[in-house]
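As written in TrEMBL, here are the features:
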- 4-88: domain 'Ig-like' (DOMAIN)
- 93-199: domain 'Fibronectin type-III' (DOMAIN)
- 212-304: domain 'Fibronectin type-III' (DOMAIN)
- 321-346: transmembrane segment (TRANSMEM)
Amino acid sequence: QDPPAFTVRPKEEYFQEVGRELVIPCAAHGDPQPTITWLKVGSVGKSSAQVDGNSSLVLHPLIKEQHGVWECTATNRVASVTTATSVHVLGTSPHAVTNVSVLPLLLAANISWEPGFDGGYFQRFSVWYTPLVKHPPRAHHDWVSLSVPAGAQHLLVENLQPDTSYQFSVLAQNKLGSGPFSQIVTSVPRGFPVTTVPPEPPAMTVHVFLSPPRALRANETVRGVLLRWDPPAPSPVALSGYALELRQDKGGWEVLERSIPATDTQVLVPGLIKDAFYEFRLVAFAGSYISDPSNTVNVSTAGMEVYPSRTQLPELLPQPVLAGVIGGICFLSVAVIFSTMAACIMNRRRAARVRKRRQDPPLVFSP
């Protein structure tokens with residue numbers, strides 16, 4: 001009997017665009033013949049991996065969630081051996097940043113992090129923070145956001161209130177959209193030394209239940225997908241607005257629009273990808289209170305006419321060329337007007353001379 005030994009090992013890294021097929025080989029021999037299994041490192045529950053007859057890993061179609069490290073394990077009664085490879089899924093929004101840390105300073109805090117995979121495009125970051133009041137909010141609505149300079153992996157947040165708990169999170173974005181928020185980190189900035197005073201008795205906390213938007217529904221229009229809903233049930237606090245979340249093909253939930261006015265009960269979603277499956281849900285927020293998500297509506301764009309989210313004229317005709325065309329048209333229009341006026345004036349003068357000649361008596365010469 002012999003332990004398993006790999007005859008075919010996968011490469012260290014694979015790069016493939018989202019939606020395409022990726023086949024990663026792996027084979028081994030031994031006595032008895034070993035069994036080949038594949039597992040994504042860090043996955044919870046059963047992964048969506050498929051294995052063909054040659055024990056190769058088949059990822060089709062490739063999705064964003066399959067990005068990461070995959071392990072091929074060969075096992076028989078004697079032993080188990082494992083080899084690993086990294087899969088990089090291109091053409092997606094960025095992955096969440098990791099290892100977010102907050103260093104409390106005097107009326108400030110220094111936030112640092114490690115970037116996640118950029119999805120194949122340049123990514124930029126923003127730091128989001130909010131004071132911790134009443135109860136921790138569930139989402140990143142009404143938070144303050146600060147842009148991070150390009151290439152930086154840390155940011156100093158200043159002008160914070162002393163001895164107040166703050167929540168911090170980091171968001172990555174690229175040309176395809178925003179990735180998920182990082183984990184939330186709570187920290188208390190340091191304040192100036194003060195004389196210790198007896199603490200005040202805790203104030204009574206009033207818990208307000210904000211019901212979610214009701215009866216969310218979707219209709220296909222010539223301009224995109226129109227979402228309609230009914231407002232939440234009345235609550236003691238005034239409604240501030242709504243936030244729309246979506247996820248594509250059973251992926252992670254992402255914020256699509258975070259500033260829908262409280263008076264609106266519909267929103268148009270253009271620019272969806274053809275032949276894709278979308279899920280939408282809505283949350284309401286009033287001050288620091290966040291409702292539970294509404295019911296989820298499913299939208300499939302299979303065979304559906306999909307319109308871009310913005311006009312394509314600037315791409316087809318650059319602004320300098322467009323300005324030149326408009327200027328030329330205006331110049332020609334003015335020239336035509338002046339030419340027409342000049343012709344009318346000349347015709348009137350010529351007609352006046354003809355009438356004058358007809359009215360003057362003819363000259364008679366005596367013999």
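Here the Cβ of each residue, glycine as well, is placed from N, Cα and C on the backbone.
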Helix-strand-coil residue split for the domain 'Fibronectin type-III' (93-199), DSSP-based: 0 helix, 47 strand, 60 coil
Mean of the pLDDT scores, which run from 0 to 100, over the domain 'Fibronectin type-III' (212-304): 83
